[in-house]
Amino acid sequence: MSSSKIAVLYGSETGNAQDFAAILSHKLNRLHFKHTFSSLADYKREDILRCRYLFIVCSTTGQGELPRNVYETVTGDQKNTLWTFLKKKKLPADFLNHIKTAFLGLGDSSYPKFNYALRIIHNRMVNQLGAKEIFDRMEADEQSMAGSNKGTGLGIESVYFEFEKRIITYLMDRFPTRKVGNEIIQREEIDKELYLEPITYLRIDDPHDQQSFSGGPTTFVGDKLIKTGTITLNKRITAKDHFQDVRQFTFESCDDIKYKPGDTVALYSYNTDQSVERMLECQPQWIPLADKPLSFTNGIPTHLLDGGVVQPLTLRNLLKYHCDFMSIPRSSFFLKIWTFATDVTRMERGEEQMKDQRQKLYEFATDEDMQELYDYCNRPRRSILEVMEDFLSIRLPLEYLLDFFPPIKPRLYSISSTANCNNIELTVAIVKYKTILRKIRTGVCTDFISKLKVGDKIRYKIQQNDLIKEEYRSNPFVMVGPGVGLAPLLSAVRSKVSPEMSLYFGCRFKDKDYLHGKELEDMANQGLIKFYPVFSRDRENSPDTKYVQDVLWKFGEEVTNLLVERKGIFFLCGASGKMPIQIRLTLLEMLKKWGGFKDDASAKEYLRSMEKEYRYIQETW
């Protein structure tokens, strides 16, 4: 069976869907099922005609939108993708009837459009183009309150492993044997001790060559969409004694740019030199080769193209600019590295300790409930680097570096500045906290941002989200944004998206984290906006309200009139989890009390109609 007959495709914004798809791909490889593994956007659309078995894992982002790598390739092409092709109206209703398929959606039921992206893809492929499902679509919920794990208390991984089990059982039932040369043999799993070499990997051009690149300038090639900005302001706007450092971060674009309120900036950060040195110390066999020129055996891996590939291509530069070893490892990381726990020379207890480490890494890779992995990695927020420091028996071949470590992905930040202004302003909360291990943790990108100085350069892209529709610019806007959720709303009020804007902002203290408070009060005094701040830990300045939903309820009759009678736009931004759920519940009660809706069902239906009309906008993270 050729690799074009089976495809494992993913649509992933944060990496979860991609990781589960990678685990499935790994399992299929070990069973000798040749297949294509790719994002939906980077899958060659002509291959869909040869494909017979298609497995899709997809998450949902934003307002029930498709992840970007469903409709845009790593090089920024949106015209020649599979999804663009499948949306063509002229395609016949039986266009995909040659394909057997299965779908897994990863979602969070606290969002209004739970697993909406996968449902869009499923509807088009199955209901409209005739693909045949092997089994019913599966949907996993982070909250365990909806989808395939509703009420079970089990996480999304339980749904994934059931999805995987059904696919492998299906394929093994139909293809129990395989052809090797002229012989038909039983299909059996490859020895778990054997590492599966990736299609393309690194090659040391000449390890004995005296040429090396150390400390010289770097450039990036292969991504024409990347832009460069110059830092003009990096100012803390919370009090020094406040627990959170929030920055007013501004950079001037070197190019003419266009963006609207609700659009985001993708920033390309990199690891510190100190963390790179720590990684090299974990793998001392790499040190003599760290600055030697490298090349690829079979072309540049697709995932490196976003942002461009660093030049000169050396191990040190790859670790600094491309390898996200400061991230929390996913189970696919352990699947690939456990077999390389072979170095007994650094074990105090010798071979016995090495075997213990090897066994523990294998358990992290294969444990289906993932509880041990969660306790070891996720709860203490342990990084890949720290895993490598804990398990010194790991001795990784340099050649497969990019198969072991995930790529550093750009981080997305909502724009705060006025539309199309060449001075792009962001409102960034610096991630820094202590874990249960009492260790300080920092975010790779926000730590990078916190250290930038005026005059430094930064690499970025603008991502246009089209959250605010032009036809609604005359409608009233009701905007809710606790904390740094203010960022896109600040862009909206500065850009005057509507002649009638109400802004509900929440923070802890008026004198500590009242972000852009004076500017917003000045706008309110000038009659440009109605501004309703609330301070959850400051009873002196907020005596009768605590959270933004309390202020919404206080002015509930007015807000309901704006949303129902005057077809207003509701724009909610901030942290995902409890906040958006509480806001939505408050709106439902307001609609029943002041909007003329007699029960939950009719109020919920009105909110759904607002979503369909793009009048209910939720941007949470």
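Just so you know, glycine gets a Cβ as well, placed from its N, Cα and C.
As annotated by Swiss-Prot, domain 'Flavodoxin-like' applies to 6-168.
The FMN binding site feature in Swiss-Prot is assigned to 12-17, 59-62, 106-115, Glu142. Ser59 (FMN binding site) falls within a strand when secondary structure is assigned with DSSP.
According to Swiss-Prot, the domain 'FAD-binding FR-type' annotation covers 224-489.
The annotation FAD binding site is assigned in Swiss-Prot to Arg381, Arg411, Leu412, Tyr413, Ser414, Gly443, Val444, Cys445, Thr446, Trp621 on the grounds of sequence analysis. The DSSP secondary structure for Arg381 (FAD binding site) is coil.
Swiss-Prot lists Ser536, Arg537, Thr545, Lys546, Tyr547, Val548, Gln549 with the feature NADP(+) binding site, giving sequence analysis as the kind of evidence. In three-state terms derived from DSSP, Tyr547 (NADP(+) binding site) belongs to neither a helical nor a strand segment and is classed as coil.
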By Cα-Cα distance, the member of binding-site residues Gly62, Lys546, Tyr547, Val548, Gln549 nearest Leu412 (FAD binding site): Gly62
Local confidence of the prediction over the domain 'FAD-binding FR-type' (224-489), expressed as mean pLDDT: 94
Binding-site residues: Leu412, Val444, Val548 - member with fewest neighbouring CB atoms within 10 Å: Leu412
Close in space, distant in sequence - Thr545 (NADP(+) binding site), Cβ under 8 Å, 6 or more apart: Val534, Val551, Lys554
For Tyr547 (NADP(+) binding site): intrachain residues, at least 6 apart, with Cβ closer than 8 Å: Pro482, Gly506, Val534, Ser536, Gln582
Among Ser536, Arg537, Thr545, Lys546, Tyr547, Val548, Gln549, the record's NADP(+) binders - longest CA distance, Å: 15
